[in-house]
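Residues or ranges marked as transmembrane segment in TrEMBL: 53-70, 90-114, 134-158, 178-196, 280-304, 324-345, 352-373, 412-430, 508-526, 547-570, 618-636, 648-667 (among others).
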Amino acid sequence: MMMGDDVENGNLGPYLDRPRTFPNMRSKPYTPLISEAIRDGAEGFFKTQYGTISKMAVLLALVILSIYLFRNTTPQQESSGLGRATSACITVAAFLLGALCSGVAGYVGMWVSVRANVRVSSAARRSAREALQIAVRAGGFSALVVVGMAVIGIAILYATFYVWLGVDSPGSMKVTDLPLLLVGYGFGASFVALFAQLGGGIYTKAADVGADLVGKVEQGIPEDDPRNPAVIADLVGDNVGDCAARGADLFESIAAEIISAMILGGTMAQHCKIEDPSGFILFPLVVHSFDLVVSSIGILSIRGTRDSNVKVPLEDPMTILQKGYSVTIILAVLTFFGSTRWLLYTEQAPSAWLNFSLCGLVGIITAYVFVWITKYYTDYKHEPVRTLALSSSTGHGTNIIAGVSLGLESTAIPVLVISVSIISAFWLGHTSGLVDETGSPTGGLFGTAVATMGMLSTAAYILTMDMFGPIADNAGGIVEMSQQPESVREITDVLDAVGNTTKATTKGFAIGSAALASFLLFSAYMDEVSSFAREPFKQVDIAIPEVFIGGLLGSMLIFLFSAWACAAVGRTAQEVVKEVRRQFIERPGIMDYKEKPDYGRCVAIVASASLREMIKPGALAIVSPIVVGFLFRVLGHYTGHPLLGAKVVAALLMFATVSGILMALFLNTAGGAWDNAKKFIETGALGGKGSESHKAAITGDTVGDPFKDTVGPSLHVLIKMLATITLVMAPVFL
C-alpha cells in the first residue's frame, strides 16, 4: 500500500507513530514528520477525489457525445462539411482535455503547497522576510503553471483543429467559426473546478470548524496545537481546499474568458468583413502570455534576506505584496497597449486599437479597485473589521449580526464598479469605428471582452497572492505543532493574517472577473442559438410568464446550491466535533501530553464525508439548466413557441448570474471579515486570546468558514459553469 493510501484511510502511523518525544510534556515533535503527514494526507485525498471526478467526467462525456450525434448542425458546419460525428468527437475531446488540464492545474497547486509549507516554517526561524519570499515564490510557481496551462491547452486545441479541419481552405470552415468548437474545453474545466472546489471546501472547513469549536472554545488550547485530534485534518484541508481547488478555479476562469473573447472577436471580425481576423481571435492568448512575463517580474521583485535574527521588525507583508502588484500592473498596462496596437489595428478603423486599449485599461483599473475594496472590508487595519471585532465584546450574537451586516453592505460598491466597467467598456468598443455591412457599430461586446482580458491580465500575480495564504497558514500550523519559540510563531501569525486578506482579495477579484466573463458567455450563447435556430435571437423578454419563471428558477438555484453546500460542511463538522470530544474524554492524558491523539481518525472522517457530500450540490448545478431547458422546449413545441426552451434557459442564466454575484460577494467578504476580526483580537486587542471577546469571535469565524472557503468560491465556478453548460448543451433546448 502506498503512503497516500495509508493517510487517506486514516492510518497516519507511518509518520506520527515514529519514535519521538511527544508523550514527555512540552518536547518538540520532529517537524518533517508533521509535513510528511500533511503531504501524504493531501495527496491521498486528491487521488481519491479526482478519481471520483474523472469517472463522472467520462459519464458526462458520453452524454455529450450522444446529444451531439443526434442534434441539428449549423449552416456554417454544413457549408464546411463538418458532420455530426466529427462535431461530436471534437466537442467531447475538448471537454475531456479541459477536464484533464483543470485537474493538473489543481494538482500543481497542491503539490507545491505541501512542499513549501515546511520550508516557510524553517525560514521563519531565521528571517521574516525570507519566509515571506519563499511563500510568495512557491505560490508564484503554482500560479504561473496554472495560467500557462490555460494558454497552452487552448493554443494546442486551436492549432490542432486549424490544421486537422483545413481551416480557411476552399470548402472548409472559416477561421471566425473555429472558436465555437472550443466551448467544450471551458465546460470541462468548469466541471472539474466545481467538484474540486466543493469537495476541497467541505474537507477543509469541516476540519477547521471541528478543530476550532472543541479545541479553542471548549478546551482553550491554541490554534494548531498538537493536542487537537483534528489539527492534521485541518492542515491537510488548507492544501486540498485552498490551493488545489483555487488553482482549478482560476484556470477555469481564464479558460472561459479566453474562449468567450475568441468567439466574440471572430464574430465581430466576420460582421465587419475584416480581411485578416486572426489578430482578433488570438488576442486573448497573447494577453495571457504577457501575463506570465509581467507577473513573473512582479513576483521576483519581492526579495528576502537570510538574517538569523527573527526579531528583526518585518515591513507589513501586505505592503510588500502591494508593491509587487503595482509593478505587475504598470507592466501589464504597457504590454496591453502594445498588444492591441500589434493585433487589433485594422485599416477599416485605424483608431479602433486605441479604444480597445482603453477598454483593457478599464479592466485593469477594475481589478485594482476590486482588490482594494475587498482589502478594505477584510483587513483588520481598516474600520469595518475593527468594528466587527468590537461587536464581539458584547457577545456571540452581536458578532454574528455585525458580520452579516458587513457582508451585505460589501456588495454595494463592487456592483457599482462592475456596472461602470461594463458600460464604459461597451461604449468604448461601440465608438471604436468598426461597423458591419449595414453601417451599425459592432465593437461594443468585444470591448467588454477586452476589459475582461484587462482584468485578468495580472491573473498570475493575483493567484500568487491567493496561494501565499494557505502556504503561510500551513507553515504556522507546523510551527505550532513542533512547538517552536513564540517569536517564530509571531512571524507566521503575521503572514497568516495577511494570507487571509490576500485570499479574500483574490475571491473578490475572481467574482468580478466571473461577472464580466459570464456577460460575454451569455452573448456567445445567444449567438449560438441564432446559428442553430437559423433566426435572430437578440433579446429575452422577461414579461413572458415562462421566461420569468426561468429567471426565478435561476435565482432559486443559487440559494439551494448554497444551502446544500453549507449543510454539507455542517454535517461533516458535527462528525468531527463528536470525534474530537470523544478523544478528549477517552484519552484525558492528551491535555498533559501523556497520550497521543488519533489524528488519522479525523482525517478519515472528513475525507470520506467530503467525497460523499460534494455530489448532491454539484449534480444540482449540472442537471438543473439541462432539465429546465428540455422541459420548456417540449412545452414550446406544443404551444407553438419553438425558441421557448432557449429563452427560458437564457433567463435562468441571467438571474442566476446576478444572484450568484451578490451571494458570492456577501459570503466571501463576511467570512473573511469574521476570520480577521478573530485575528485582530488574537493580537492582544479587546482582551486577547482566551477572553470572552475571543470566544465570540471564534463563533463568528466558524460561521464564516464555509461562507468564504466552500460556498463563495464554489459560486464563482457555478456562475461560469452555467454559462459554458448552456453553450455546450444548446442543441437540447432547440
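We count from 1, first residue shown onward.
The backbone N, Cα and C atoms fix where each Cβ goes, glycine too.
Keep in mind the model is a prediction, meaning the values are calculated, not measured.
Long-range contacts of the transmembrane segment (648-667) within its own chain (CB-CB distance under 8 A, at least 6 residues past either end) are made by residues 407-408, 410-411, 414-415, 418, 507-508, 511, 514-515, 518-519, 522, 525-526, 529, 540, 542, 546-555, 557-559, 562, 624-625, 628-629, 632, 707-708, 711-713, 715-716, 718-719, 722-723, 726, 733. Here the listed stretches are 53-70, 178-196, 352-373, 412-430, 508-526, and the one with the most C-beta pairs under 8 angstroms to the transmembrane segment (618-636) is 178-196. The transmembrane segment (90-114) shares the most Cβ pairs under 8 Å with 178-196, out of the stretches 53-70, 178-196, 412-430. Long-range contacts of the transmembrane segment (178-196) within its own chain (CB-CB distance under 8 A, at least 6 residues past either end) are made by residues 49-50, 52-53, 56-57, 60, 64, 87, 90-103, 106, 150, 153-154, 157-158, 161-162, 165, 167, 244-245, 248-249, 251-252, 255-256, 259-260, 262-263, 265-266, 281, 524, 528, 531, 614, 618, 621-622, 714, 717-718, 720-721, 724-725, 727-728.
Residues 94, 97-98, 101, 104-105, 108-109, 112-113, 115-116, 119-120, 123, 178-179, 182, 185, 189, 243, 247, 250-251, 254-255, 258-259, 262, 285, 288-289, 291-292, 295-296, 299-300, 302, 304, 321, 324, 459-468, 471-472, 475, 495, 499 of the same chain lie 6+ residues outside the transmembrane segment (134-158) yet bring a C-beta within less than 8 angstroms of a C-beta in it. Panel annotation: around the transmembrane segment (547-570), residues 198, 201-202, 205-206, 209, 540-541, 610, 613-614, 616-617, 620-621, 624, 628, 632, 647-660, 663, 667, 705-707, 710-711, 714-715, 718 of the same chain, lying at least six beyond its termini, place a Cβ under 8 Å from a Cβ of the stretch.
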